[in-house]
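S.K.: Not my notes, these are from TrEMBL:
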type     : residues : note
TRANSMEM : 23-44    : transmembrane segment
TRANSMEM : 56-76    : transmembrane segment
TRANSMEM : 82-107   : transmembrane segment
TRANSMEM : 119-137  : transmembrane segment
TRANSMEM : 149-170  : transmembrane segment
TRANSMEM : 177-199  : transmembrane segment
TRANSMEM : 205-226  : transmembrane segment
Amino acid sequence: MDWGVPALMNSVADPSYRDLCCYGAGIAGNVFAFVLFISPLPTFRRIVRNGSTEQFSGMPYIYSLFNCLICMWYGLPFVSYGVILVTTVNSIGAVFQLAYTAVFIAFADAKERLKVSGLLAAVFLVFGLIVYVSLALLDHNTRQTFVGYLSVASLIFMFASPLSIINLVIRTKSVEYMPFYLSFSMFLMSVSFFIYGVLLHDFFVYTPNGIGTILGIIQLLLYAYFRKGSRGDDRLPLLVTNT
């Protein structure tokens, strides 16, 4: 049998092979995203142990919850066909972020509790409005475009977190606040969903994850360059973004 380039191209072009690769990439993305979802657990163990949120901010969890809800909605059949693995990963992410927010509210002082509770209510209000508009006022194709652009904008906004970490590493010349396994997991998750989106020809999936892949590569290169002289992974960031 000829296993040259033509044979390889035919195997890649085969729909069943493509579907298998697509499903595998989506499952891998879910697994790597789970690593990111549990990354704040040490922070919350400290909050519960000390009985206080100290100087930590609840804003990253609010932002991440909103992002997960929009992306979860995009992946449902009401909006898009064939991207259910986008819904699964963001459903899990939404549960984690809601749990983190609830714990944060429980241990925050009165002023911070009121602020975060108000923002949490606003998140669900805005999300409910998005669901209503997309279902009641838009046809399916327009609905997918509307929610798709919202999800892309939300994900790009969430990339402000790794960008701030990259800036911190360059300024301090230390990777203390950029643990390797988290950066590597973010890179693998972004690559997985980038491939997933490309195989599905879904612009709204591969575009933000392509950006995430580039940022992941930059983080890994910075880690390799600045790791000498750093204290290593003894601190965890409060939040690492997810897809």
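Cβ coordinates come from backbone N, Cα and C, glycine included.
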S.K.: Would the transmembrane segment (82-107) count as touching the transmembrane segment (149-170), i.e. at least 3 C-beta pairs under 8 angstroms with sequence separation of 6+?
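M.R.: Checked: the transmembrane segment (149-170) vs the transmembrane segment (82-107), no contact.
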S.K.: Would you kindly list the residues that approach the transmembrane segment (82-107) from elsewhere in its chain, counting only those six or more residues past its ends and only Cβ-Cβ distances under 8 Å?
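M.R.: For the transmembrane segment (82-107), the far contacts come to 23, 26-27, 29-30, 33-34, 37-38, 40, 44, 47-48, 51-53, 56, 58, 61-62, 64-65, 67-69, 71-72, 74-76, 113, 116-117, 120, 193, 196, 200, 202, 205, 242-243.
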S.K.: Where, among 23-44, 56-76, 119-137, do we find the most CB pairs under 8 A to the transmembrane segment (177-199)?
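M.R.: The listed stretch sharing the most Cβ pairs with the transmembrane segment (177-199) is 23-44.
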